[in-house]
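First up is the structure itself, then whatever we jot down about it.
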Amino acid sequence: MVDHVVTAATKPSSNGTIMTHLIDCYCGSGLFALGSASSFDVCVGIEVNDRAVEEARKNAELNDIKNCMFVSASAEAIFESTDPVRSATVNSGDDDGEGSGGVLVRDFPRESTVVVVDPPRKGCSEEFLEQLYEFAPQRVVYMSCDPATQARDAKGLVGNGYEIVSSQPFDLFPQTRHIESLVVFEKKRGDGETDNTGKD
């Protein structure tokens with residue numbers, strides 16, 4: 001399952017654009033961000049659980065991954081001007097993460113940025129989705145443990161300039177009604193076409 005997420009996040013677009021920036025929302029202990037880090041210039045994970053963020057940072061340190069930063073905050077606030085993640089920097093040189101090595105999350109290049117979301121069963125909040133629509137990354141990789149709330153959020157994404165390019169369920173709990181579902185969305189191009197990156 002993790003391999004599917006990493007592959008979906010790292011594929012170049014159909015016009016050859018390489019995905020260089022990753023924002024991992026509801027990142028937990030950093031599974032997807034750390035698994036994808038070698039394919040990106042910069043990764044930022046955001047998670048409301050302080051302990052999970054500590055574990056993500058330790059995982060990055062133990063694996064000598066230097067291009068990932070993890071922030072303890074709500075995903076709903078990731079693009080707000082008052083939230084610390086707005087001015088957070090990822091260290092690519094200086095120990096304090098500032099100066100020429102720092103990268104502002106809000107200034108990530110939309111055309112080469114992927115947002116991974118793996119929300120709780122209730123799905124993404126409307127506040128978060130509105131910020132996501134405004135930020136308008138090239139790709140959204142949406143992992144869900146509840147297809148019903150994922151379908152609800154997918155309707156919003158499709159209504160705001162995205163198209164579904166792939167969908168993959170995972171039966172991790174055999175003999176139960178529970179499944180995990182991965183859906184990949186691409187931003188429609190100006191000519192009305194879409195990067196069908198997720199299609200094999």
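Just so it is clear, glycine is given a Cβ too, placed from its N, Cα and C backbone atoms.
As recorded in TrEMBL, the features of this protein are as follows:
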| type | residues | note |
| --- | --- | --- |
| ACT_SITE | C145 | active site, nucleophile |
| ACT_SITE | C145 | active site |
| BINDING | Y26, E47, D118 | S-adenosyl-L-methionine binding site |
Note the Cβ centroid of Y26, E47, D118, the recorded S-adenosyl-L-methionine site, then list each other residue of that chain whose Cβ lies within 8 Å of it, in sequence. D24, C25, C27, G28, G45, I46, A75, V117, P119
D118 (S-adenosyl-L-methionine binding site), number of other Cβ atoms within 10 Å: 20
Please report the DSSP secondary structure of the residue listed as 'active site, nucleophile', reduced to three states. coil
Cβ neighbour count (within 10 Å, all chains shown) around Y26 (S-adenosyl-L-methionine binding site): 21
Starting from C145 (active site, nucleophile), work out which of the binding-site residues listed here (Y26, E47, D118) have their Cα within 10 Å, and give them in sequence order. D118
Long-range same-chain neighbours of E47 (S-adenosyl-L-methionine binding site), Cβ under 8 Å, sequence gap at least 6? Y26, C27, G28, V53, A56, F70, V71, S72, A73
With every protein chain in view, how many other Cβ atoms are within 10 Å of the Cβ of C145 (active site, nucleophile)? 18
